[in-house]
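One structure is given below, encoded as structure tokens.
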Amino acid sequence: MGGWAIAVHGGAGVDPNLPLHRQEEAKQLLTRCLNLGISALNSNLPAIDVVELIVRELETDPLFNSGRGSALTEKGTVEMEASIMDGPKRRCGAVSGLTTVKNPVSLARLVMEKSPHSYLAFSGAEDFARQQGVEVVDNEYFITPENVGMLKLAKEANAILFDYRIPNGCETTCGANVESPLHMNGLPISVYAPETVGCVVVDREGRCAAATSTGGLMNKMAGRIGDSPLIGSGTYACDLCGVSCTGEGEAIIRATLAREVAAVMEYKGLGLQEAVDFCIKTRLDDGKAGLIAVSKNGEVAYGFNCNGMFRGCATENGFMEVGIWE
């Protein structure tokens, strides 16, 4: 065993004009989460507990697109989704269509541990949340003034936006009549700036775990489900590694991207970073995405094919890094 390792992300595909103070806020949040995870791992908390702890922290802070601060649907509401996976026995839980659950990742874990199923959605997931006594709030809790403004821009542009970070000048260049070079499922989109949160951990026992949470796309159709709650696409953990993805959900789904990292490690014999690089380069077609990963040997890796990814990682031997750009 190579000791513990942790990685956290706040989404791939970053506005290159993002103000410096927003970049600094993101780095501070990622650093806070890493330090929280480091403390937990040094206290021998199991990997599955640590990924839930960190993603809860990210869901509670409105900076990224999960929990409070989630992107809004075309109806101006929030529909959240999350998943969690425990590597040793590949146990998993996932939820979608949540409108009142304060911390979706914790409900996903309860699905894994307290239900006979792996995935619950919409009213069934909400009913289960109340049966389990998890904290619920009004949908308005998740809605921020910034996202209300971004939804207005999205509607004016007749576009689906990946989230609230829009490049400068978009108000005049991202209209419905402007040809977009970016497509999602063959349809043009105006802005690429996805943000989802996730965490992957391997503990001192070599146990890997992963968790991912998101509010999805700004101005998405009500009922849309992305990659984040789909085991093997947005989230995967096994005895080899743990993976959490972020980016264009439809491309990640087509690639079963998180599972693919584990698969090429198992079947091609690639190391962790080699596997990450291979999958980012060869499995996304024209999609834009990124991922973080840890291995049972205490390695940590990340990769993305877009202009940036909010990420941080640390290992027991003292390595620690927080970054956004290449």
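Glycine residues also receive a Cβ, built from the backbone N, Cα and C atoms like all the rest.
Database features, via TrEMBL:
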| type | residues | note |
| --- | --- | --- |
| ACT_SITE | Thr196 | active site, nucleophile |
| BINDING | Arg224, Ile225, Gly226, Asp227, Thr246, Gly247, Glu248, Gly249 | substrate binding site |
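The structure, with features from TrEMBL marked on it.
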residue : record                   : CB count, 10 Å
Thr196  : active site, nucleophile : 36
Arg224  : substrate binding site   : 17
Ile225  : substrate binding site   : 19
Gly226  : substrate binding site   : 24
Asp227  : substrate binding site   : 30
Thr246  : substrate binding site   : 33
Gly247  : substrate binding site   : 30
Glu248  : substrate binding site   : 29
Gly249  : substrate binding site   : 29
Thr196 (active site, nucleophile): nearby binding-site residues from Arg224, Ile225, Thr246, Cα cut-off 10 Å: Thr246
Extent of the substrate binding site in Å [max Cα distance among Arg224, Ile225, Gly226, Asp227, Thr246, Gly247, Glu248, Gly249]: 16
